[in-house]
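Enquirer: Summarising the annotation, TrEMBL assigns region 'Disordered' to 1-20. Sequence annotations record features per position, and here TrEMBL assigns domain 'Major facilitator superfamily (MFS) profile' to 163-567. Per TrEMBL, the feature transmembrane segment maps to 241-259, 265-287, 299-321, 327-345, 425-445, 457-475, 480-502.
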């Protein structure tokens, strides 16, 4: 049995701590004068893995005892920084990549399907189709003949004006082409939607400014909700925040389909956006916090797949449902399942330990061990082991954390500035192509970052996006432009998923959700600024590409300052980030 005295030399402590930090299955006996670790021999125990469910053999470990000579009989392990027990050691005991983690990944990632739907549903319910003044009926003329006579036309028919006309008693129409009048009523092209919010409330011509607000207020809600609910998740817990956000999201979504006027819709769209990050980002953090280091890249990447399935379901349902209220109602139904999935989601044991909730953490960890077939490895004094992990988590602000946060904020901003001009195609086809590119990208991510590292791949893809944008500004048309468009889109899909994983690996448990929320909030400024920049530049395609490409390139260069997180455990404190 290896003995480590408090007065041992630094070299001895370093050597002993290496043995201590080996992932072991240990039993703690806490007495007034010493802490003993009496691990069971776990040689031959089976550890199920997240990817296949096939169980792998673990190795046997050597016994270890820590003697404490401090007065009062309290453990002096906290005074041995090299001997600090971490949550990953606990996760090894109960199984960090088994069937339990797979269950949590499936349940938590369903949030992406629901948020993906509402991220892009505005392209259908907020559709502003081609429109023109409503044309009166006349017995001697067809609809198209009347339209040609009374609607001014250059290249296209006027959307907001008609000529002065009068239908006389004989059925003929007298048209005065010297006088144009604003439309009092409208007809709409119904090839995509039979009705939408702009068509029902006539948000065209003089009322056209309200149509973009349908999506803008949703994004504003996300900007407000990201840091607010992120902070709430770090204070009240992941599970409670997911429940609150799910209720907000569900109620607001259904009420939109019943809204009597456009102002109610705008308020409800804001509330809907408020709840979205509390569901998606918090569920993501929960899924990442309970998986072993070696499977974190896979869990973080696969988590995004339901998001792509969510928004590709919009054109599929929209093909058969052309009324916006019905479409909104039907696409809210999956959100009901969020409440069912929430019931089976646990609180993050990592968060529980950080908050000193040892009994709750022990209950969750025993559940993990039971499902993963590791319950026999739980030591009799398991709670003391958890307390030791908690005691080692002390939070101190560091300049390194501020620098990392700045880089992540810029990169989130970049992600929402990546705009590519593609040929005019069907909206349904466009969404299908996007989903068709994103899903393979999410499967490719683990292969890239587990071998190439987070940082090099992240930087390389950002610079690729910048190159594609700048090249797209030089090219006006042609097949090579199309190649640049979709190469940039594919790279940006990987960047988007990698940003969440990279950010979660760089932030400590105590503020992980809040930090991701803050970065996401600033990221939404990109989607807000992009159309404004295009308008300021007069819609000039080349200038827009140069501006966006330059900003993305700057984000890639700034990322050289970020640390590599490959094979690193999730930080529990600010001190861990500094290290």
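Every residue, even glycine, has its Cβ placed from backbone N, Cα and C.
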Enquirer: At a Cβ cut-off of 8 Å, and with pairs 6 or more apart in sequence only, do we get at least 3 pairs between the transmembrane segment (299-321) and the transmembrane segment (457-475), yes or no?
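Expert: Result for the transmembrane segment (299-321) with the transmembrane segment (457-475) is no.
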Enquirer: Among the recorded stretches 265-287, 457-475, 480-502, which has the greatest number of Cβ pairs closer than 8 Å to the transmembrane segment (241-259)?
Expert: 265-287
Enquirer: Apart from its near flanks, which chain residues at least 6 from the ends of the transmembrane segment (265-287) lie with a Cβ under 8 angstroms of it?
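Expert: Non-local partners: 104-105, 108-109, 111-112, 114-115, 118-119, 197, 210, 213-215, 217-226, 228-230, 232-233, 238-239, 241-242, 244-249, 252-253, 255-256, 259, 299-300, 303, 307, 338, 345, 348, 500, 504, 512-513, 516-517, 520.
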Enquirer: Do any residues, 6 or more residues outside the transmembrane segment (457-475), come within under 8 Å Cβ-to-Cβ of it, and if so which ones?
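Expert: Same-chain contacts beyond the flanks: 411, 414, 418-421, 448-449, 481, 484-485, 487-488, 491-492, 494-495, 498-499, 502, 541-546, 548-550, 552-553, 555-556, 559-560, 562.
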